[in-house]
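Peer 1: The N-linked glycosylation site annotation in Swiss-Prot covers 420 and is backed by sequence analysis. Residues or ranges marked as topological domain 'Cytoplasmic' by Swiss-Prot: 1-33, 86-97, 143-167, 218-238, 295-303, 353-375, 469-474. Taken from Swiss-Prot, the feature topological domain 'Vacuolar' covers 55-62, 189-196, 260-273, 325-331, 397-447, and the record attributes it to sequence analysis. According to Swiss-Prot, the feature transmembrane segment maps to 34-54, 63-85, 98-118, 122-142, 168-188, 197-217, 239-259, 274-294, 304-324, 332-352, 376-396, 448-468.
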């Protein structure tokens with residue numbers, strides 16, 4: 001695996017692996033304290049990334065940033081659930097998603113411009129003052145939950161009880177199991193000689209499965225605050241909702257992964273232009289969240305919203321299959337809107353469908369559990385889409401270039417393109433057109449998979465409505 005890939009992979013591994021810990025840990029240590037830790041780790045990580053001396057240090061600091069980043073979204077959602085009544089929860093989640101969407105749009109749209117104009121370091125350093133300001137605001141406005149304040153005036157008042165509450169063994173098992181799984185996905189879809197079926201890579205998957213099974217057994221017996229209480233996931237209804245969350249996470253992140261590649265390689269966009277092309281459609285993601293929030297508060301129509309959101313995601317993924325190199329820009333932008341709007345509706349509705357099944361005291365761990373399953377889906381979505389594109393692209397090149405180049409030149413070209421997609425710019429004539437056409441078809445194959453999984457999520461919605469909700473303590 002290219003060392004440069006670890007810049008992204010390191011963050012992905014730690015953010016996903018540590019994310020499920022924040023629910024139970026914040027129950028034991030306090031929301032405010034854990035939020036300060038997460039924001040501090042994220043801030044220090046971004047600062048260190050900006051001053052990294054080499055790519056190894058940059059990758060390591062991205063891992064530190066991921067430890068904090070994995071908790072920021074989870075804890076902000078949990079804090080909202082603590083202080084906001086359920087009747088108004090949708091509106092506040094809508095505004096949270098609006099701000100999150102605005103930040104994502106800014107990052108996607110201007111990241112390439114910042115990197116190409118004043119340098120990549122500023123993509124990290126620009127986040128530091130924003131994170132410092134958020135810490136100051138947290139100090140004044142974010143309290144610990146009432147249950148924590150009644151039991152502990154500080155984390156040092158009763159350290160023995162707190163240590164008994166923290167599920168240390170469960171934390172080690174889930175972090176190790178998820179890390180091995182993410183390493184399997186990352187190495188399997190890399191451009192090296194390794195693949196998902198390589199014995200050394202398969203060992204990572206086997207190890208991940210064994211350790212995660214041990215984690216489940218441990219969670220059933222632990223006397224500490226479970227990372228994922230089994231009562232949250234032991235009903236058919238809960239399993240179906242979490243499965244929907246995995247599928248929409250897979251489809252949405254596979255979609256976001258393939259779009260920039262398609263724009264840059266098939267349409268010939270620069271990095272900055274590819275980001276800007278996503279700006280207007282991306283605005284519909286927070287719009288979808290606002291629609292969800294106000295509809296929930298006024299009509300209490302979670303079930304209908306989930307159908308609408310997933311249907312729009314399916315439509316958006318399906319429409320992408322018809323985008324061509326010759327498609328006008330206005331039509332491309334129009335075809336991108338449904339998937340973004342659907343994601344904005346689906347993400348909060350799956351969250352509330354799950355956490356509203358449980359009592360207020362269980363909603364922190366329920367939130368982190370759902371976010372974990374969604375994150376797993378997103379990681380699998382990106383990794384499998386990358387694998388499908390790579391395998392399809394290589395196969396199509398061998399087939400389509402057979403009459404233009406000899407076998408050795410085709411193999412050499414595949415290696416060069418796998419290592420650096422910008423190598424396409426040095427090609428000419430029929431060879432270049434064939435390479436672009438092959439990549440177009442490869443991305444469409446990956447996107448067809450996302451379309452099918454979106455339809456499967458829709459089928460599970462129908463199945464969910466025929467299942468009884470679990471009876472939980474209130």
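The backbone N, Cα and C atoms fix where each Cβ goes, and this holds for glycine too.
On a predicted model such as this, the values are computed, not experimentally measured, just so you know.
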Peer 1: Using a Cβ distance cut-off of under 8 Å, indicate which of 34-54, 63-85, 274-294, 304-324, 376-396 has the most pairs with the transmembrane segment (122-142).
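Peer 2: Most contacts with the transmembrane segment (122-142): 34-54.
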Peer 1: Which residues, given as numbers and ranges, are at least 6 beyond the ends of the transmembrane segment (98-118) yet have a Cβ under 8 Å from it?
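Peer 2: Same-chain contacts beyond the flanks: 73, 126, 270-272, 274-276, 278-279, 282-283, 285-286, 289-290, 344.
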Peer 1: Short question: most Cβ pairs under 8 Å with the transmembrane segment (376-396), which of 34-54, 239-259, 448-468?
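Peer 2: Answer, by Cβ pair count: 239-259.
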Peer 1: Which residues of the chain, 6 or more past the ends of the transmembrane segment (197-217), have a CB below 8 A from one of its CBs?
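Peer 2: Residues packing against the transmembrane segment (197-217) from afar: 170, 173-174, 176-178, 180-181, 183-184, 187-188, 227, 230.
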Peer 1: Per DSSP, what is the residue tally for the topological domain 'Vacuolar' (325-331) in helix, strand and coil?
Peer 2: 3 helix, 0 strand, 4 coil
Peer 1: Residue list, the topological domain 'Cytoplasmic' (86-97) vs rest of chain: Cβ under 8 Å, 6 or more residues beyond ends.
Peer 2: 76-77, 80, 285-286, 289-297, 344, 347-348, 351-352, 356
Peer 1: Who sits close to residue 420 (N-linked glycosylation site): which same-chain residues at least 6 apart have their Cβ under 8 Å from its Cβ?
Peer 2: none
Peer 1: According to DSSP, folded down to helix, strand and coil, what is residue 420 (N-linked glycosylation site)?
Peer 2: coil
